[in-house]
C-alpha cells in the first residue's frame, strides 16, 4: 500500500481535477467523499514526494562537494599552522643568536659608547643634514642604526611570561581545529542518515514512479544545485592561493643577504658623509664661495646653515669621533647590525604567517557556517519525506468527523458565517482539526490546494529534528 500521505494528497488532487468536490449544501456527501480519500489506490506518485526526494539527493551531492572543499581547507590550514610554527622557531633561533652577539658586543663597546652617542647627537650632524636635504634619508637610516645599538647596550628586560600566551594560543588553536572537524563530521553523518532513510522511501514507492524519475534518482550524475543556495559573501580562493607554501629556508636566506647589504650601505653612507664634511673647508677657502651653502637654501635655513661655515673646526672633531665609532662597530660588532635586520625580517615573517593562518581560518569557519546553513535549509524543505519510511504499510489517513460550525455575529447566524471543521489522523502526528474558512469552501477552485497545503504544513511542523 502506498504511504498514506501520498494517498491523501493525490486523492485530493484527483477530486479537484475530476470536478467532484463536495458542496456545502450536501454535508452527507462531503463526509462520505472525505472518508473515501484513504481508499483510493491506483494514482500516480505525488509531485511533492518526488520533489522532496530530488531535494534530498541534491543535499547529498552538495554535502559531498562541501566535504572535498572542507578537506582542502583544513589541509591548507594545518599546513599554514606548521609554517607559522616554523617561523616562530626561526625567530627564536635568531633571537638567541642575537642575544649572544649582543652580550659580546656589549662588553666591547661599553667604554666607547660615549663617543658613539656624541657622534649621533652632535649638532654638526643636524646642521649638515639640514643644509644638504638629499642626505636626510641617510641621517634617518643612521639614527635608526644607532638606536638599535643603544637598545642592546642598555637593554630593557622584558617579562619572560610572554611565552605563556604563545603556548596557550597553540592549545586554543588545537581546540578550534578539533571542534571544526567534529562539527563537519556530524553534519556529514546527519546528511548520510537522512539520505539513507529517504532512499528507503524511494525503494518502497519505486513501482509508483515513472522510469525517468527512477533513473534520475539512482544515477550518479551531479544535479544542478537548488535555486535557494545562498551566495557566499566572499569569493572562493583559487587553488594556487590555497596551496601557497612558504619556502622558509630560502626565504630567510634572502633576508640574510638583504640585511648584509643594508649594513654595508650604512657603512658606506657614513664614510661618504664624513668625506663630504672633510671637503667643506676646501670649498669655503675658494674665492667667492663664502656662505655658498646659506645662499642656496631658503631663508628659514640660512641661519642654521651659517653655523656650519662658522664651526668647521668643531665639526672636524665630530668627524673624528664618528670615525672612531664606526671603527668600533665594524671591528668589535660585525654581526650585530645584520642580526638586528634579520630579527626584524624574522618578526615580519611571523606576522605574515599569522596573518595567512588567520585568513585561512576565517575562510574555513565561513565555509563551515555556510554548509551548516545549507544543510538546515534543505532539511527543513525536504527532510519530511524521510519520515515516510517509518510508517507501517497499513497506516492510513483517517477522517474521524466532519461538522459545520456556525459563528455567532451579533446574535445572527447565517450560511456565510459557517466554518467547516474536520478531524484528521495523519501519519505519526496526533489527531488535529482542520478549519476551512468560507472563502476556501468546496465550491472554490482553491479548496483542494488549500487542504493539501495545510496537510503538508502540519506534517512539516511536526517533523522531528535531528
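Just so it is clear, glycine is given a Cβ too, placed from its N, Cα and C backbone atoms.
Annotated signal peptide per Swiss-Prot: 1-20, in sequence order.
If you look up Swiss-Prot, you'll see 57-111 marked as coiled coil.
All protein chains included, residue 105 (disulfide bond) registers 23 other Cβ atoms within 10 Å of its own Cβ. Per Swiss-Prot, the feature disulfide bond maps to 105-333 (among others); the stated evidence is similarity to another entry.
Here Swiss-Prot flags 116-325 (among others) as disulfide bond.
Taken from Swiss-Prot, the feature disulfide bond covers 119-322 (among others).
The disulfide bond annotation in Swiss-Prot covers 124-315 (among others).
Swiss-Prot lists 131-305 (among others) with the feature disulfide bond, giving similarity to another entry as the kind of evidence.
Taken from Swiss-Prot, the feature N-linked glycosylation site applies to 196 (among others), supported by sequence analysis. Around residue 196 (N-linked glycosylation site), a 10 Å sphere centred on its CB holds 13 further CB atoms from the protein chains shown.
Look at Swiss-Prot and you will find 257 (among others) tagged as N-linked glycosylation site.
Annotation comment: Swiss-Prot describes 311 (among others) as N-linked glycosylation site, evidence class sequence analysis.
Among the features that Swiss-Prot reports, N-linked glycosylation site is placed at 351 (among others). If you take the C-beta of residue 351 (N-linked glycosylation site) and look for same-chain residues 6 or more apart in sequence within under 8 angstroms, you find none.
Per Swiss-Prot, the feature N-linked glycosylation site maps to 412 (among others); the stated evidence is sequence analysis.
Summarising the annotation, Swiss-Prot assigns N-linked glycosylation site to 431 (among others).
Following the DSSP three-state reduction, the secondary structure of residue 333 (disulfide bond) is coil.
There are 21 other CB atoms within 10 A of the CB of residue 333 (disulfide bond), with all protein chains counted. A Cα-Cα distance of 73 Å separates residue 333 (disulfide bond) from residue 196 (N-linked glycosylation site). Spacing of residue 196 (N-linked glycosylation site) relative to residue 105 (disulfide bond) is 73 Å (Cα to Cα, whole number).
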